[in-house]
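As recorded in TrEMBL, the features of this protein are as follows:
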type     : residues : note
ACT_SITE : S88      : active site, acyl-ester intermediate
ACT_SITE : K91      : active site, proton acceptor
ACT_SITE : S145     : active site
BINDING  : K260     : substrate binding site
DOMAIN   : 313-412  : domain 'Peptidase S11 D-Ala-D-Ala carboxypeptidase A C-terminal'
Amino acid sequence: MKRRPHKVISVLLLAALIAGMGMACRERSLEIRNKRWEENAETVTQNSGRIFGDEPENLYARSAVLIDADSGRVLFEKEADVIRPMASTTKIMTCIIALEYLKEHPDQTVEVSDQAVSQPKVHLGMQRGEAFYLKDLLYSLMLESHNDSAVAVAEGVAGSVEKFAEKMNAKAAEIGCKDTHFITPNGLDAKDAGGVHSTTAKDLAKIMRYCIMISTEKETFLEVTRAKEYQFQDTEKKRSFSCHNHNAFLDMMDGALSGKTGFTADAGYCYVGSLRRDKRTFIVALLACGWPNNKGYKWKDTRKLMEYGLEHYQYQEIDKKMQIPEIKVAGGVDDKKPYQYCLNVPVKIERPAEENSKILIRDGEELRAKLELAKYWNAPLKKGEKVGMLTYYLESQKIAEYPLSIKKTVKKRTVWWCICWVVKNARL
């Protein structure tokens, strides 16, 4: 049976009507698209502002900082950006660089040089020409703070102390330290054309955060720095050595994780340490925390800052109260809704799977979410295409930023699609 011409014409007219209505919606969308971004500031946790009055007081350290190790956010600071010598806390950088090197060279050995032998106490007591495995010397470095071991490690990794210092400064820049200058691998007071061997409390905390949270060798770093004791020999097994951990903080508080002490005449007593409890990880860095006979000041300050963090800061889910609206896509097609010309399309937050969706926050702090999302878009759009940004602020500090993407692909409505749909669904 022949199809009647007027039915064919009706089909074409219907297809044109569907396409034409889609184009009209598209024109409306293009007008709105000129005003692309919509900003919506939403307070997720509303409160009175960040004036607490219960922050740690009367610290002995001239410079101090407490940070959240997960985010890197500063929770408390005292002259944390003042540049000061850091003594043997330097050795956490020496250790992590060596550990990352040993990942590719696990059996690396080093022959002891005159420069290593000449280092002042505290030292292992190496003899010129002896050979050691680098991995053994890291325990000497971190448990006993041996200065000769630091030089031997530097020479084993980079060939010379000077070349190793270049690696230390490059790593510091990579981590984001802006006020740190390394000259020696052991932290002895030194000066060169670039300035004195120095850092800030804030930079030192960043380095510790890298060591325990970010580096590929973070677990090995913790294994070394948490060891109670360690025994080893030179490569020819002629002499034996025993090291004992002198980081008293490890036995001072539940959850104590890692740390390194330091002292020189210029630096005074210094300390950088970390603690993990109830899935919260804190880092404390102290510089110029007393001189002899005030060796215990650093432990008092460390405990005070750690207790402050534990008492006042808890995790909160940052996305729990945030509702992401759907976007309207003009000129798109949906086989189940052929007459709907502006489609509602869901949007999701693109957060890395390994990233924590919680943030450490205390009562009295204001967490704000800023949503940047255009309401209207034009087809076609691909699944996963970025359509906006969600940014979180704690007080005035940006703490997290995530792109927003659409959850499904939206194909473009065309006259040909309309004809095909009508022909497919019409009884001619």
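FYI, residue positions are counted from 1 along the chain as it appears here.
Using N, Cα and C of the backbone, Cβ positions are placed for all residues, glycine too.
No curator has checked TrEMBL annotations; they are predicted automatically.
What you are looking at is a predicted structure, and each value in this text was computed from that prediction instead of being measured.
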Structural state of the residue listed as 'substrate binding site', classified by DSSP into three states: strand
Chain-internal residues near the residue listed as 'active site', provided their CB is under 8 angstroms and they sit 6+ positions away: S88, K91, V122, H246, K260, T261, G262
Summary of DSSP states over the domain 'Peptidase S11 D-Ala-D-Ala carboxypeptidase A C-terminal' (313-412), given as helix, strand and coil counts: 0 helix, 52 strand, 48 coil
Other CB atoms within 10 A, centred on S88 (active site, acyl-ester intermediate): 25
Integer average pLDDT (0 to 100) for the domain 'Peptidase S11 D-Ala-D-Ala carboxypeptidase A C-terminal' (313-412): 85
K260 (substrate binding site) CB neighbourhood, other CB atoms within 10 A: 29
